[in-house]
Amino acid sequence: MNDMLRQPTDTGTGIAPLAFEAVTVTHRGQPLLGPLDLRLAGCHRTLVMGPNGAGKSLLLRLAHGLLAPSAGRVSWEGTTPRQAMVFQRPVLLKRSAIDNLTYALAVSGTPRPERRDRAREALARFGLAPLEKRPARVLSGGEQQRLALARAWLTRPEVLFLDEPTSALDPAAIRAVEEAVLDFHRRGTRILMTTHDLNQARRLADDVVLLYGGRLIEHTPAERFFTQPRTPEGQAFLRGELVW
Amino acid sequence: MTRRPFATIALALAALSGTGLAQASDDYIVLASTTSTEASGLFGAIIPRFTEATGIEVRVVAVGTGQAFEIARRGDADSLLVHDTAGEERFVEEGYGTERADVMVNDFVIIGPGGDPAGISEAETVAEAMRLIAEVEAPFASRGDDSGTHRAEQRLWETAGVEPGGSWYRELGSGMGPTLNTAAAMDAYVMSDRATWVAFENPQDLTLLFEGDEALFNQYGSLLIDPERHPHLKHDLAEQWHRWLLSEEGQQAIADFTVNGQPLFFPNAHSD
Amino acid sequence: MPADANAFQTALALILGMDPVLLGIVALSVQVSLSAVLIAALLALPLGAALALWRFPGRGAIVVTLNALMGLPPVVAGLAVYLLLSRAGPLGPLGLLFTPTAMVIAQVILILPIIAALTRQQIEELHGEYRDQLRSLGVSRPRMMPTLLWDARFSLITVILAGFGRASAEVGAVMIVGGNIDGVTRVMTTAIVLETSKGNLPLALGLGLVLLGLVLLVNAAAHLVGETARRRLG
């Protein structure tokens, strides 16, 4: 394990902090998340952990603005940064790999003449150059996720959300995704990523957010979380005893 | 790049659709007439001769007599050729038409199954024939659509003193051709205009059983539509058609039309 | 003479004979129905997509109405267009009654609800799948419309074909507004009605087989295009 990677990077602190204030999500009267207070600042790689149903995906969707809280407030303290999200199952358009990328560029207002070159560059960076003309929907799971990352890359996000991006992938593909996450971070992107893989979290996290039953259990720097978690739930989770 | 084939197809379709829908010329009239004249092939024979003589195309909308009157009343046809003298005279009286003239006659015939269970081929008059059918309650297929033919049939029942009804009397609500098709399928008696019957190609066991009574004559009339009520219509061209029908040339064209060597319409315009 | 036995021979003779009258009728049928499908699709695809993407008061009523109109009897559509285009009607001065244009209008009214309702269904389904990703990319709703329509193109081709099938097969509407005028508004279906009323059943059935063949041809072509593309694009 390379210690360099675990250094909290403080470059890119110009990114507005994201604040959750007394946020709750309920569905048909059932509380799913919260009340929850959380503040994410700096250019860290924050890993959101917790057993299934803990509310990890909800937290990400709230942060990205895909979901409005039932009560409370999710807000950026300053200018809303450019954001991108990579989903567990990548949603790719029924077009070729490169057309998926030029589409994202078109939406973000990139002038037409630049789109193709920038898309090719991104394909090459993520090892997809030979697949340029292949329909995105017939790529393998790992290739699809890399394409989704390339698409996110093109929009130069200041904050990148990843919702269990590796849970359906084989080890080689997982490695590729993790390297991509580190690449994003090196470029000054704040990372907020969910995972249920402890080893992955050890490899990537600057700090850890632990959710359990829709509540925030702790938000701790990674070094500390993996050695001496503050809460009994954190200890149980590390022992693999915290389920549901 | 992937968009191009679809765009090309769309363009090709648009181009294809556009052509041919344009109207050829304005030198045509719309004639509302009855199915009997169209289905028998009369118009197919005489209209080309009119067009050759005048350069005017005649577009026939062949419908039931009732609907033909309605189309003309609404101003949707330039000319009218139907066979319901009483209705035609009312059309003029109500101010929709300015002139009505006899053009030709054909006649109705009684058709029935070859076995003739009611024995109408022996009847002296059509009234007797109708009575015979009612007596044995042999199946009878009626148009039942308030057409000229249907009205004529009802007058015949009245003359015969029979009020048709019961399971043997089938009101179909169909045109002449479909009624003949149905009669053929159920071996029923049916009254038809001769023209449609002679040109009809699906008789199966049906055969002509009674004809020739004067009560079966069927008068066709041509009408001119009031230009004041419908000024947009092509009254000049319609009048040319009307006059031509009544002229020697038009009357000859009607007389020359035969099906299987048999004349179906007999011109009877009154030469003034 | 049994009509059914002769029909195939008649149909074959009609096709092989390249009878100019028949060709004219076939060409007009195709032109009228294709025009109607084209116009209906141009209106109904955006309408269906909009209904899938936006929630607004009265939307439910529109959706229910469209679904109900899918079953509109052609005769009723024909009658409505007739009254509209009749000289005594509101659009009378245009002089469109008994022209191919009137037939196109009637067919558009018949198939627009079909294409719109089925499009709404397809787009709603696809939107469910794409929503989060597109919103994440910052795609606005108006911009989503062409994206979803394009990505649903293969199922939408089938939808449009359903419209074409209904347009080319219906007779009630075109009979009333076209008038079945020889050489002007006579199409396959009205010709079939006319030949049936003449008792010329083999010819009527032969024409029916030609029509069936035509619709089959169009469907097979679209199927082939669709399948190839589907396999290529996944």
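Cβ coordinates are placed from backbone N, Cα and C, and glycine is handled just like the others.
Feature annotations, reproduced from TrEMBL:
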TRANSMEM  C:12-30  transmembrane segment
DOMAIN    C:26-222  domain 'ABC transmembrane type-1'
TRANSMEM  C:36-54  transmembrane segment
TRANSMEM  C:61-85  transmembrane segment
TRANSMEM  C:97-118  transmembrane segment
TRANSMEM  C:154-181  transmembrane segment
TRANSMEM  C:201-225  transmembrane segment
Surrounding residues of the transmembrane segment (C:154-181) on its own chain - C-beta under 8 Å, 6+ positions past either end: 29-30, 32-34, 36-37, 40-41, 44-45, 73-75, 77-79, 81-82, 85, 97-100, 102-103, 105-107, 109-111, 114-115, 118-119, 122, 187-194, 211, 214-215, 218-219, 222, 225-226, 229-230
For the transmembrane segment (C:12-30): best-contacting stretch of C:36-54, C:61-85, C:97-118, C:201-225, by Cβ pairs under 8 Å: C:201-225
Tertiary contacts of the transmembrane segment (C:97-118), as residues 6+ beyond its ends and Cβ separation under 8 Å: 28, 31-33, 35-37, 39-41, 43-45, 47-48, 51, 63, 65-67, 69-70, 72, 74, 77-78, 80-82, 85-87, 159-160, 162-164, 166-167, 170, 173-174, 176-179, 181, 184-185, 187
For the transmembrane segment (C:201-225), sequence-distant contacts whose Cβ falls under 8 Å of one of its Cβ atoms, 6 or more beyond its ends: 1, 3-4, 6-11, 13-15, 22, 25-26, 29-30, 157-158, 161, 164-165, 168-169, 188-189, 191-192, 195
Within-chain partners of the transmembrane segment (C:61-85) [C-beta distance under 8 Å, separation at least 6 from its ends]: 51, 91-92, 94, 96-97, 102, 105-106, 109-110, 113-114, 116-117, 120, 170-177
